[in-house]
Amino acid sequence: MIATVILADSIKEAIEKIKSSSSDLYELRADSLKDYSKLELLEPYSEKLVVTIRSKDEGGFKELSDEKRLELYSKFLEIKPRYVDVEFRSKIKDEVMEIAKRVGSRVILSYHNFRETPPFGVLYNLLEDMESEGADIVKIVTHASSPKDNIRIIRLYEFADNLIAFCMGSKGKISRIFSSMYSPITYVALDKKAAPGQLTLEELRVILKILGEGR
């Protein structure tokens, strides 16, 4: 499935962007919002929503305390989004996963490294640790400093099915393309890119058409 990343100042703007795009899913980067009122307006789109409130340490747009993030996750989970994304290293991980499972939302447990792509052994151990938490999908994203980093991250697909793994940055685009064919969810930009090297929806569709994997 393709998830278009939605960056917006308000819920109203987020809905306008959702309506302007045709996508399987929409990742609402709630950490980009300035106004959290009227969350209930998102309920008609809940089956297509991936709610992410990214921490500043892992690429979030602003500093939010753990208490505030947990409060926001709880409010967003009241509309029962299809997926909720929370960081593996987050102190509120267990609470968010518990609430999500109680309301029937699926959990994406994520790890982001903006500095490097660790050695394969480190990545493999990380994958095992993350899988043991019981999330529906594991997401591992690293920074590519060289083309070889793509190979390390792609190798993870040998050992997991419900995995999203790719490298960020201009040197990581090949892993994003590979991920689009083997991951349960592929992230694309609508207008403003949320991460280095991210493809737009149209760019991805052109690439998949060439590869015979059109969606």
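For all residues, glycine too, the Cβ spot is worked out from N, Cα and C.
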3-dehydroquinate binding, same site as Glu27, Leu28, Arg29, Arg176, Gln198 - Swiss-Prot member from Arg54, Arg152, Arg155, Arg205: Arg54
Spatially closest candidate among Leu28, Arg29, His112, Gln198, the listed recorded positions, to Lys139 (active site, schiff-base intermediate with substrate) (Cα to Cα): His112
His112 (active site, proton donor/acceptor) versus Gln198 (3-dehydroquinate binding site) - Cα distance in angstrom: 14
His112 (active site, proton donor/acceptor) versus Arg54 (3-dehydroquinate binding site) - Cα distance in angstrom: 10
Among Arg29, His112, Lys139, which are recorded positions, the residue with the most C-beta atoms within 10 angstroms of its C-beta: Lys139
Leu28 (3-dehydroquinate binding site): secondary structure state under DSSP, collapsed to three categories: strand
